[in-house]
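The annotation anthranilate 1 binding site is assigned in Swiss-Prot to Gly80, Asn110. Annotation source Swiss-Prot lists 5-phospho-alpha-D-ribose 1-diphosphate binding site at Gly80, 83-84, Thr88, 90-93, 107-115, Ser119, citing sequence analysis. Residues annotated as Mg(2+) 1 binding site in Swiss-Prot, with sequence analysis given as evidence: Ser92, Glu224. Among the features that Swiss-Prot reports, anthranilate 2 binding site is placed at Arg165. Feature annotation from Swiss-Prot assigns Mg(2+) 2 binding site to Asp223, Glu224; the stated evidence is sequence analysis.
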Amino acid sequence: MITEALKKVIEFKDLDEKEAEAVMKDIMSGNAKPTQIAAILTALRMKGETIEEITAFAKIMREFSLKINPNVPKLLDTCGTGGDNLNTFNISTATAFVVSAYVPVAKHGNKAVSSKSGSADVLEALGVNLNVPIERVKESIEKIGIGFLFAPHFHPAMKFATPVRKELGIRTVFNVLGPLTNPANANYQLMGVYDEKLTEKLANVLKNLGLKGALVVHGSGMDEITTIGKTKISELRNGEIKSYYIEPEDFGIKKAKLEDIRGGDAEENAKIIGEIFEGEEVGAKRDIVVLNAAFALYIAEEAKDVEEGIKLAEKSIDEGKALKKLEDLIEFYREG
């Protein structure tokens, strides 16, 4: 099947849903040779992947993943694409703990691909054991309100594509598929993307995948809601998608410079997150976490608007709730 699909894609013709599903099934089941995987990924990148193709790929990846179904009323993920190459600290990981004081979070993530520190790297540096059984992850979401879904544990079929991705060294559709394939089936999502042009497209994919609410965001070169300039947001709510731009000043947050929110390696980023949660860092780094958490609480229908979300996010940090969630997760996974 992959050969027929390749013939089509190199002529810049789009795959229909069934064809795209068959391609991903071939890759995930080990039926596609590495050269074929490299060829189809490169051809798709040159053609430009459609909403229908990305949706089909994500559905099959979800089928091949190991899944958990935490017994919680709502579930949020803050997983983004990464790959913005700006070397900020792990904002979406810090955001996950702040938000988990109010909404259960299934944080999907991995080790760094292009940055110095992925979410898994910084969590390890903070003392979180990544090698826990997946059932333990389900329990931590139910009992603590947060769990970390380490991608390699939940997506074993990715072993066929990962070496090819590394050797290719270019962005492919897999860069966006990670955040679209939460193994706990989170029904709300704050998803940062590395390119502003992707926000509407991926909001449509999340709609096709059945999410209740999602914000797909890109902020002035960052795969986060930014405080250094404008952020483009595509919002999925009640089956409708609308796009708009925001700036930090709209919400009374001071504009920052990129150097104010830069991170370093995993150890340095863990130190920054600790300082935010312990109340030692009260400047730009805290501000950007608060703003992202506020939008996450808004889209998860926990805050009626972003302003209320900001108050809740500040309370989570100031009252030590975010720090407690981190400490509880470290302890819970240590036993695992």
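From the backbone N, Cα and C atoms, a Cβ is placed for every residue, glycine too.
Distribution of Swiss-Prot features across the structure.
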residue : record                                              : contacts (Cβ under 8 Å, 6+ apart)
Gly80   : anthranilate 1 binding site                         : Ser92, Pro179, Leu190, Met191, Gly192, Val193, Asp223, Glu224
Thr88   : 5-phospho-alpha-D-ribose 1-diphosphate binding site : Met222, Glu224, Leu258, Ile261, Arg262, Gly263
His108  : 5-phospho-alpha-D-ribose 1-diphosphate binding site : Asp77, Cys79, Leu149, Ala151, Phe154, Gly178, Pro179, Thr181, Asn182, Pro183, Ala184, Ala186
Asn110  : anthranilate 1 binding site                         : Gly118, Ser119, Ala120, Phe150, Ala151, Pro152, Gly178
Lys111  : 5-phospho-alpha-D-ribose 1-diphosphate binding site : Gly118, Ala120, Asp121
Arg165  : anthranilate 2 binding site                         : Leu41, Thr172, Phe174
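Its Cβ taken as reference, Glu224 (Mg(2+) 1 binding site) is surrounded by 30 other Cβ atoms within 10 Å in the chains shown. Around the Cβ of Asp223 (Mg(2+) 2 binding site), the number of neighbouring Cβ atoms within 10 Å comes to 27.
Cβ-based neighbour count (10 Å, all protein chains) for Ser92 (5-phospho-alpha-D-ribose 1-diphosphate binding site) stands at 25. Under the DSSP three-state reduction, His108 (5-phospho-alpha-D-ribose 1-diphosphate binding site) is assigned to strand.
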